[in-house]
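> So TrEMBL lists the following for this protein:
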type	residues	note
DOMAIN	18-137	domain 'Gfo/Idh/MocA-like oxidoreductase N-terminal'
DOMAIN	150-271	domain 'GFO/IDH/MocA-like oxidoreductase'
DOMAIN	354-421	domain 'Gfo/Idh/MocA-like oxidoreductase N-terminal'
Amino acid sequence: MSSSPAAPAEHQQPRRPVRFGIMGCASIARKLARAMLLAPAATVAAVGSRSEGKARHFAAENGLPPGARLHGSYEALLDDPEVDAVYLPLPTSLHVRWATAAAARGKHVLLEKPTALCVADLDDILAACEAAGVQFMDGTMWMHHPRTVKMRELVADQATTGDVRVINSLFSFQADEEFLHSDIRVNPDLDALGALGDAGWYCIRAILWAVDYELPKTVIALHGPMKNQAGVLLACGATLYWADGKIATFNCSFLTNLTMDMTVVGTNGTLHVTDFVIPYEEKSASFSMASKSKFAELHKGWDPLPSKHVVTTDLPQEALMVQEFSSWRGPCSSLRPPFLCGERPLPPGARLHGSYEALLDDPEVYAVYLPLPTRLHVQWATAAAAAARAKHVLLEKPTACCIADLDAILAASETAGVQFMDGTMWMHHPRTVKMRELVADQAITGDVRVILALVPDGSHQSDQLPLICCELGVVRSDGPSEKCHRPFSLVQNSPKPEAGSIAFNDKVTVKCRGLLDRC
């Protein structure tokens, strides 16, 4: 089915900025409030605090828009219908409660780091966001700086870096006496992880980033961590080991000079950055890369010298983080509709709902497309098909986690008399119809005896390709086609099949390119 061309750019409706609510007036919230004012795709719509007076002071101090609403409780902020997303800079011990509450109300969640005190709490937060179909992001700002993209290119380049073998990361700052006695980051009831959660978060993130998020086999804490009288970590470190011999170490501290070092050592090169958490300058960030380094003659120096790379940016990294968060705009799904990517705007009259329930209750909606995580399919597909709503269902594949769930979806659709279809796109291409004709033709293909369908993964081209073996011939897909017409060729009764094709009994071969590709 063809779609109407997008309107010329000058006639397109501008996208409304994402309306953020800031939950709590912590000092880090000041930095993010500024970032939201700088990011073109975002705005501060509301502030929620434990008192309206505190929220009013925060708004005035940080130059928030005059129309920003000020709430005297977190609950009131979450109930604000004009808030699309919530930024939570609360103490870590409060994250699971308020992040799950925000998700339950259909608010997208930007959560300050560390995200949780333990894995179980983070799992609860992620499950709540997934169930509600809202997006989640942690507040690790340096991940969104263009310097990080450039460093990734070099670390991933075998010729420049080779295989990563050693990573060292360090983040420390010398806290004053007031901080060490009264800051929430040294209070066991508020941020019990101390330096590990505040500074160590960045160190561990840097290590995992360097190894492309491959988890280590073993982690051993360094001996003699420093703690305060309440048992909260003030300085600590650990060594991480991988099965293939990679090793990493990190140190984090509230007790030593401000340092933000990351070193990644590979078989061919070494990346070094000395301000990886917060760049020395807001709009310019540098790092060095030494590749294929050797001693100069008589060991008088290095040859070649490390190269210095400088990356500039118009927006600070925290604004880039907010901008990226705001650009998603949709539910947690790897299949974002084109309009969410800015490719094709929604029609002006399209209604925007803050919950799945509201969408299903919309009397002007006759069919629902569900690209949700698979484990949510049975819940929402049956809800859509239920007699009270009777929406036709187009369900993204895989349709269900098990046959019982799919049976429940089909039964609900049949009971309500609504149409059901799974999202297997290639089945609707006219090429598939033509292939069906040939496979079904006894004179050409004979009886189908063996079917093998293996789809190459996204990381490389596999030589195990889709194949149908018949009594007289074979249908084989040789991988993605670069053109939209998706050609296939038929060679019948050929004693010498074409190069790369397969023939059984020297009868017939059907070659098909790009079985699953899309233009």
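Placed from the backbone N, Cα and C atoms, the Cβ positions cover glycine too.
Have a look at these and tell me how they're positioned relative to everything else.
Note on the domain 'Gfo/Idh/MocA-like oxidoreductase N-terminal' (18-137): its mean pLDDT in the predicted model is 95.
Helix, strand and coil counts under DSSP for the domain 'GFO/IDH/MocA-like oxidoreductase' (150-271) come to 32 helix, 42 strand, 48 coil.
With DSSP classes pooled into helix, strand and coil, the tally for the domain 'Gfo/Idh/MocA-like oxidoreductase N-terminal' (354-421) is 31 helix, 10 strand, 27 coil.
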